[in-house]
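Here TrEMBL flags 6-24 as transmembrane segment. The beta-D-galactose binding site feature in TrEMBL is assigned to 98, 99, 200, 201, 202, 266. Annotation comment: TrEMBL describes 200 as active site, proton donor. Look at TrEMBL and you will find 331 tagged as active site, proton acceptor.
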């Protein structure tokens with residue numbers, strides 16, 4: 001027998017629908033809650049901790065030249081703090097990393113207006129982007145020679161204004177002594193869409209609580225940059241670094257040239273080497289005091305070198321307060337705002353195509369000052 005719904009039942013139904021819509025709008029399944037946890041990869045040489053909130057690197061523990069083990073990435077002590085983070089500590093950012101000018105683009109004759117979150121532009125995929133959602137743990141293998149974990153996320157059609165459903169997968173694995181591999185993939189399911197994923201860890205090889213990174217040396221294998229306007233949107237030009245404070249073709253301390261810039265480094269380098277998807281050297285960073293060095297290789301065309309210019313009074317791990325330049329980011333990527341510059345490498349992924357982006361961090365612990373030979 002049919003029974004007419006009461007006002008109470010109607011009210012409850014409306015609440016359930018609203019809650020489901022809110023969950024879906026944030027990219028979180030309304031039917032199944034994925035637990036948020038901390039996962040460790042350890043191969044006996046070094047340890048990496050991650051969380052499926054934002055597919056984030058939480059900690060990387062490395063010994064120094066005297067055997068003292070320290071955490072060399074900036075971050076927080078608990079997951080709740082990551083949920084309120086505005087620095088993107090350790091996270092995967094997307095669907096399109098970096099900035100899109102005016103938060104808009106045109107693709108195949110259709111104009112798309114995105115959800116702006118920075119001065120009328122969109123940064124790191126909007127709010128929330130991939131850094132602020134719960135990823136599923138597809139695979140977690142910790143008791144093996146090459147420990148690994150795979151996170152997946154389904155980005156729905158229209159999320160932050162981007163077209164098409166996108167299936168995203170990120171795998172972190174320890175390969176050999178002191179090597180961390182990051183493998184990112186994304187498959188467009190039904191519409192052409194831009195994709196540009198980036199890994200946003202802040203590194204401090206002296207230890208996350210050792211102060212700023214200005215005395216550390218860096219060599220960047222990029223002889224050109226994509227200059228930007230006052231809102232950090234690329235102008236579309238590609239210019240040489242020679243004779244500018246962006247020239248790190250030879251190793252220099254970060255502080256040697258940073259004073260020539262208003263705030264610090266926040267620029268995309270066009271990487272040298274063969275074009276295409278072959279792995280190439282991005283940069284080498286060296287901390288003289290600890291003896292730690294980091295070499296990064298990738299198959300992406302660019303890298304954003306960022307010196308944490310806007311980090312201010314951020315309470316991090318163990319009560320440490322991070323300030324400007326407490327860490328540096330090397331975010332391998334496609335060029336920023338590529339959807340609005342035809343001369344930049346395309347980031348468009350058509351239905352059925354798979355976007356791929358690989359990174360390899362190789363760490364060394366040596367009492368050696370010859371950065372050029374690393």
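Residue numbering: from 1, along the chain as shown.
Just so it is clear, glycine is given a Cβ too, placed from its N, Cα and C backbone atoms.
Note that this is a predicted model, so its numbers are computed, not measured.
Structure with TrEMBL features highlighted.
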residue: 98; record: beta-D-galactose binding site; Cβ neighbours (10 Å): 28
residue: 99; record: beta-D-galactose binding site; Cβ neighbours (10 Å): 21
residue: 200; record: beta-D-galactose binding site; Cβ neighbours (10 Å): 22
residue: 201; record: beta-D-galactose binding site; Cβ neighbours (10 Å): 25
residue: 202; record: beta-D-galactose binding site; Cβ neighbours (10 Å): 26
residue: 266; record: beta-D-galactose binding site; Cβ neighbours (10 Å): 17
residue: 331; record: active site, proton acceptor; Cβ neighbours (10 Å): 23
Quiz item: Whole-number Å distance between the CA of residue 99 (beta-D-galactose binding site) and the CA of residue 331 (active site, proton acceptor)?
Solution: 13
Practice problem: To the nearest whole angstrom, state the Cα distance for the pair residue 201 (beta-D-galactose binding site) and the residue listed as 'active site, proton acceptor'. | Solution: 8
Quiz item: At the level of the C-alpha atoms, what whole-angstrom distance separates residue 266 (beta-D-galactose binding site) and the residue listed as 'active site, proton acceptor'?
Solution: 10
Practice problem: Among 98, 200, 202, these being the binding-site residues, pick the one whose CA is nearest to that of residue 331 (active site, proton acceptor). | Solution: 200
Quiz item: Among 98, 99, 200, 201, 202, 266, listed as contacts of beta-D-galactose, what is the widest Cα spread in Å, to the nearest whole number?
Solution: 18
